[in-house]
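Here is what TrEMBL records for this protein:
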TRANSMEM  39-60  transmembrane segment
TRANSMEM  72-91  transmembrane segment
TRANSMEM  103-123  transmembrane segment
TRANSMEM  144-166  transmembrane segment
TRANSMEM  248-267  transmembrane segment
TRANSMEM  273-293  transmembrane segment
TRANSMEM  305-325  transmembrane segment
TRANSMEM  331-349  transmembrane segment
TRANSMEM  361-381  transmembrane segment
TRANSMEM  393-411  transmembrane segment
Amino acid sequence: MSVATLIAYSTIPPIEAEAAVQYLGISGLFNATTGFPTLLGWIIEALLVVGFFLVNYYGVKLLARINNFVTAIKIIIPAITVITLLFSIHISNFTSHGFAPYGFHGILTAVATSGIVFSMLGFRQAVDLAAEARNPGRDVPRAIVLELIIVAVIYILVQVVFIGAIPPQYLAKGWASISFQGPLVDVAMILSLTWLAWFMRFSAVISPLGSGWVYFASTARVVLGFSNNGYFWRVFGKIDPATGIPRAAMWLSLILGIIWTGPFPLWSKLVGFASSASVLTYIMGPVSAMVFRRHAPDASRPVRLRNLPVISLIAFIVGSNIVYWSGWGNVEPLMILELIALVIYAGFVTRSKHLRSQLSAHIKASIWLLAFMIFMLLISYFGSFGGINALPYPYDIVVVIIGSIIFFYWGSASGLHTQSLQTALIEKSAREQENA
């Protein structure tokens, strides 16, 4: 899952750069026919990624100050938008042309690829920084639940006022006839709310920058972790003693950020790929939790979750489906990159005596994961979400659910009680005795 993790983090900065450039709405940045960025548009996207790099490379203290301002913008402007557009609501819009006129299949695709999953990914930081919490048992669940609730409320309200504020005459030919470059901005302009349109355009350009530079720093730390664990070249594990910054890892993050804008030049193209990569890393959590519960049942846990087997199974099934809903165009490159990563990983294993000694056991324990990736690749190709539709909807969903159940229990049973786990348990027990 190392490649999926790296993809999940490294794609966020270019996604945010693409979003900022798209909402600039300046003539000449995008091709009017294809909708793709022109050379000038792509250069500006790349320069924004370079900007993320420079802020992290030289100005970490400045980053913390600016981020507070950007966070406030992310909340204040959507709130103003919701309140203002509420006065222009047309109730008839919510039943115009029927409920879900394009079926449930379209809803599932939208969940995975239109930014719905992407908008909910912020809870990850609460988990990533859990070790620094004063009371993890209280703070981590609270942070995750509050993040999900706040984001869901904001996005649902924004979507409600967008649907309701569109003048009914624009829906005369159905929802498919609606084509906005910047949906909320365009609706504001239609309603002659020019001041609101400029506020939203400002927010749409500024808000993505906060996530961009934060995830840029996170990408470098992911690369640093790979190197320290022996899965990557040592040069990426070096930290500058004067600044505490992993400079080589920063440079790699910059290169990856610019590379992703090539095959995925638009926000709408890259967000589905990034979302599926993120969810793919998340669905390893339920399996890992079951493995830890089996091999370290008595270990002290700051965060305790009741009914873990049931919740973990449901989470794995839902996560697998979200990856599948992202479509063949996203699943194919993601799974192929993961399979290539296994070959690269094997190369690093042969260079490490410690990793080499455990190779056979780890291969046996990871067969389920290899089979799962091949399964997802095949079902995506033959299924109805961008595939050849040999397995039509909804039967493909049923197959994914059944396959997920099988792979969940297979993966949970394949976990190893490794030496590193044993060492961690001993060290944790020793620390608890010292603090007692």
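Each residue, glycine too, has its Cβ placed from N, Cα and C.
Touching of the transmembrane segment (331-349) and the transmembrane segment (393-411) is ruled out by the presence of fewer than three CB pairs under 8 A, sequence neighbours closer than 6 excluded. Against the transmembrane segment (103-123), stretch 273-293 shows more Cβ pairs under 8 Å than any other of 72-91, 273-293, 361-381. Here the listed stretches are 72-91, 248-267, 273-293, 361-381, 393-411, and the one with the most C-beta pairs under 8 angstroms to the transmembrane segment (144-166) is 72-91. Within the same chain, residues 6, 10-11, 13-15, 17-19, 22, 35-37, 42, 45-46, 49-50, 52-53, 56-57, 216, 219-221, 223-224, 227, 235-238, 273, 333 sit at least 6 positions outside the transmembrane segment (248-267) and bring their C-beta atoms closer than 8 Å to a C-beta of that stretch.
For the transmembrane segment (361-381), the residues of the chain that approach it from at least six positions outside its boundaries are 1, 320, 323-324, 327-328, 331-332, 335-336, 338-339, 342, 387-388, 391, 396, 399-400, 403, 407, 410-411, 414-416, judged by C-beta separation under 8 angstroms. Only residues 6 or more beyond the boundaries of the transmembrane segment (273-293), in the same chain, are considered here, and those with a CB under 8 A from a CB of the stretch are 1, 4-5, 7-8, 11-12, 15, 112-113, 115, 117-118, 121, 124, 264, 299, 305, 308-309, 311-313, 315-316, 319-320, 322-323, 326, 330-331, 333-334, 338, 408, 411-412, 414-416.
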